[in-house]
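A.B. asks: TrEMBL lists these features:
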- B:34-56: transmembrane segment (TRANSMEM)
- B:93-307: domain 'ABC transmembrane type-1' (DOMAIN)
- B:97-118: transmembrane segment (TRANSMEM)
- B:130-147: transmembrane segment (TRANSMEM)
- B:181-205: transmembrane segment (TRANSMEM)
- B:238-260: transmembrane segment (TRANSMEM)
- B:289-308: transmembrane segment (TRANSMEM)
Amino acid sequence: MAEVVLKDVMKNYGSLYAVNNVSFAVEHGEFVALVGPSGCGKTTTLNLIAGLIPMSGGDIVIGDRVVNDLDPKDRDIAMVFQNYALYPNKSVFKNLAFPLQMRKLPKAEIEAKVMAAAKVLDISHLLERRPRELSGGQQQRVALGRALVRDPAAFLMDEPLSNLDAKLRVAMRSELKRFHHNLNATVIYVTHDQLEAVTMADKMAVMHGGVLQQYDTPANVFGNPVNTFVASFVGSPAMSLIPLDVVSKGTEVALRSPEEGWELPLSPMNARKASASSNGKLVLGARHSTLKLHKSAAAGAAPGKVYTVEPTGDVTFAQIFVNGAVVNISLDPTVAIEPDEAVWIEFDQDRMHLFDGETTMALKAA
Amino acid sequence: MSIATQQAASPPATGTVQKRSGFLSRIVAHRTDYLYVLPALIVMLVVIAYPIYYTIELSFFRTPPNLQMRDKVWTGIDNYVRVLSSPVFHEVTIQTIIWTLASTVISFLLGLGAALSLHREFVGRGLMRALLLIPYVISAVAASYVWKWLYHSDFGVIGAISVQLGITAEPINFLDNRQTVLASLIVVNIWKEFSFAMVMLMAGLQTVPDQLLRAAQVDGANTWNRFWHVTFPHLKGVSMVTVLLLMVANFNSFIIPFVMTGGGPADASHIWITHIYQLAFGRQQWGVASAYAVILFIVMMFLGYFYVKALTRGDEARA
């Protein structure tokens, strides 16, 4: 087991940069999730680490070796694919044995390792079956087993749960987490599902347009998103983002709605942040749980209009138009509001996020 | 009127009647459906079923060339006895087997090689593919004439080249020699049909999942192992179908031997179909030719059975 380091990794197809200057380091035994929307370059990054596609630039280190020019088989990695990629004509046993067989291990050793892996994953009773005779979850486990038998330096997983139905996905999620914990394995895990990333990973690398946006613990990514993209991608429902103007009156700083004219005074801390805005405009971000709903005008509250109300049982989500932007808010189910009703939203000054109106980066107090 | 209302309108049949005429009553209930397929059925009866029946009938008669067809003489299984005990039958059978197996196996292997080499990206791939497809799309009769000239002992290019290069002292007489004629025809046949196998296998190669190949690569498989453990098993279905189709086509070959040699010299390049043709339309031995045809028909039914079986198995595997 070892660490994986990416330094300025690039992959371009002509003028299209699928992966642009991505750098991050995965510590030994860490579970890192590469997350982002479709086409953000996360799978390409994984394939670059695996050596399945050639890099255009940069360095990749696995353990203490630079592996830039090594074949996938020489990189000491194992991979789990989205569709499991089990060899359909081979029994489960032979699927598990294949990577060892390719490394020309003695038969007895292969058998011992396969049996051990099968036992860990609880698939010993399936060894004689063909992949198509297995359920999705079982196939998933065999795919994991095939990665496991080799005892690789790192496990690369490409959306391994996305083909499972919702219930099984949740179950396998905990199993994967347990698997990582028990083996103390280094795992790099690609997913488009931010919830999967947040629940399983020690660290998450949020990618967008081939560029690494933020690489941090899920708590930090959730709590301190570096820009509006990360803010809106992580968390469900998404963080609400409202574009507003910054207005200063002496020492006081407030946010003003360019369309509706209302103003929202800022706390001294937030005022300092807002003053750092590059063009007098900023984007106010707030998570649904930090917002308070008022039925009448209140100090420090912005006016809005109810769009939809979605009761889910223990909590009711509502979407409210504020200054033309959709604001998600979670409410106690006893609160009764109707679509088109006029409401006021109070923001929590300590838990609001301010992003630059031009660069979309999080504003820091000057 | 819909089928459902028709069924509802028909009088309720008693249990026993229904059981005995279940098949018929189903036809009556679905009579409009059957009406639609009736024209096709009639055509098939006329052009397929009747000739088969007539061939079988003829195979039990002797048809002297100086007599009219309606004056044929019943001989029982005499024709079959004559065919099966004739040395020419044995010779032609062996030639047919050699022709079919050699053409099929070599065409398949060549097609596989071509498909694999065309599967990877390289400059001029499209042109190469088009070039390799030419033999398949050329008319068989035209190709046969061209090859006849290439093989010609006096004017043939192949003979001239082999003399120029000093491989042989004199041009080889490919087609007028009992030893070389069948092999020479097989070469033409392979040239003509290997691109069929190529096209089939190229289509098959496109269905090999990329992820499987990548998985094998990560698992440490080299190019050969990736082919042997992933690609080839994946091509099993399409290979089976290709081989069977080639086999049926080769078994029924007619144009190349007929145009190039007419079965000669001294029957050395006859295969079943050309021989049957010669017996029937050359020597007017309709009865014997029919007996041949019936035997061929039975053999083809076996091949057809395996073909359909391979096809349906492919469906199950895909499902």
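Here the Cβ of each residue, glycine as well, is placed from N, Cα and C on the backbone.
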A.B. asks: Are there residues at least six beyond either end of the transmembrane segment (B:289-308) with Cβ under 8 Å to its Cβ atoms? List them, or say none.
C.D. replies: 52, 55-59, 79-80, 82-83, 89, 241, 244-245, 247-248, 251-252, 272-273, 275-277, 279-280
A.B. asks: Which bits of the chain, at least 6 residues beyond where the transmembrane segment (B:97-118) starts or stops, bring a Cβ under 8 A of a Cβ in it?
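C.D. replies: Those are 125, 128-129, 132, 182, 185-186, 189-190, 193-202, 204-205, 227, 239, 242-243, 246-247, 250-251, 253, 271, in sequence order.
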A.B. asks: Considering only Cβ pairs within less than 8 angstroms, which of the stretches B:34-56, B:130-147, B:238-260 has the most against the transmembrane segment (B:181-205)?
C.D. replies: B:238-260
A.B. asks: Would you mind listing the long-range same-chain contacts of the transmembrane segment (B:238-260), meaning Cβ under 8 Å and 6+ residues beyond its ends?
C.D. replies: 96, 99-100, 103-104, 107-108, 111-112, 140-141, 143-145, 147-148, 151, 175, 185, 188-189, 192-193, 196-197, 200-201, 203-204, 269-274, 277, 299-300, 303-304, 306-307, 310-311, 313-314
A.B. asks: Can you name the far-off residues of the same chain, 6+ from the ends of the transmembrane segment (B:34-56), with a Cβ under 8 Å from a Cβ of it?
C.D. replies: 27, 290, 293-294, 297
